[in-house]
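Annotation comment: TrEMBL describes His111, Asp163, Glu172 as active site. Summarising the annotation, TrEMBL assigns region 'Disordered' to 211-233. Residues or ranges marked as compositional bias 'Low complexity' by TrEMBL: 223-233. Annotation comment: TrEMBL describes 232-312 as domain 'Carbohydrate binding'.
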Amino acid sequence: PVFEKYRQKAEYFMCSLIGKGSRNIQKTPGGLIYRQRWNNMQFVTSASFLATVYSDYLTSYRGSLKCAAGNVAPSELLSFAKSQVDYLLGDNPRATSYMVGYGNNYPRQVHHRGSSIVSIKVNPKFVACRQGYATWYTRKASDPNVLTGALVGGPDAYDNFADERDNYEQTEPATYNNAPLLGILARLAGGHGGYNQLLPVVAPVPNPVIAKPKPAPKPKRTPTPASSSSPITINQKMTTSWNHKGKTYYRYSTVVTNKSYKTLKALKLSISKLYGPIWGLTKSGNSYGFPEWLNSLPAGKSLEFVYIHAASPADVSVSSYNIA
């Protein structure tokens, strides 16, 4: 139920981003996300980064985004993120790149002390704080030091931009503008093939107290009870261990892989000799099945679950399954 609430809110936000929700976000006439006057670009890059992540999430389970104006394919979210990057790099009504140093037309008077004051390598004369304002801040000339790669605050709600050093709302750069952009560019560089996110991110174990542990139980591979031609493989390994109050605990990772050429459904696992908590599966009676967010495993894909206890690896085997 908790995950479902997060999913609903995430989809509401995604639908609003691409203009197909019940309450859509504001955009400039040129198509840029617009939230506020001061450093609007932080919202552009953050929201676009989330769109790339959600696009891959939808692709991983072959789903689509259900919006008020209809269903949306994952590729549409990725294309939307690309449109925002295109805008901030120069594909906009002013043909201005809002990344300093990129293109031919970019901000030359950035609201940044290191950029606007001459380098000590050029003029070693000391510049006091007041001189920084009186001599350099109010200069109308271009920055003596180009802050290459910095993403400034960006245009207003009507795509207007004033390249002036004291116009801090639009010309001030920020690390939180650039950070999400790196993620978007990395994803776009990967193409449109989509990324598998079937392996869930597991909550980290408590910070271990490093101590010389007793010899760890030898990791073992637990085969399925089926014949050697079984389409399902199960591999276990110990990923970390730590000592707490004189007792050694182990974290085991178990990866279940569908080796067939068809989709695996209705998987039921039998797990015995389990003496601690487990994450990544749903328990039903005496067996374990897919987690709630997954109802099948496509050909060649894997899922991972983990558990912690102070013993050798549990015995994991396949009780039943369907291949469709």
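From the backbone N, Cα and C atoms, a Cβ is placed for every residue, glycine too.
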Fewest other Cβ within 10 angstroms of its own Cβ, chosen from the active-site residues Asp163, Glu172: Asp163
His111 (active site) CB neighbourhood, other CB atoms within 10 A: 21
C-alpha spacing of Asp163 (active site) relative to Glu172 (active site), in angstrom: 10
Tally of DSSP helical, extended and coil residues in the domain 'Carbohydrate binding' (232-312): 0 helix, 52 strand, 29 coil
Model confidence over the domain 'Carbohydrate binding' (232-312), averaged pLDDT: 91
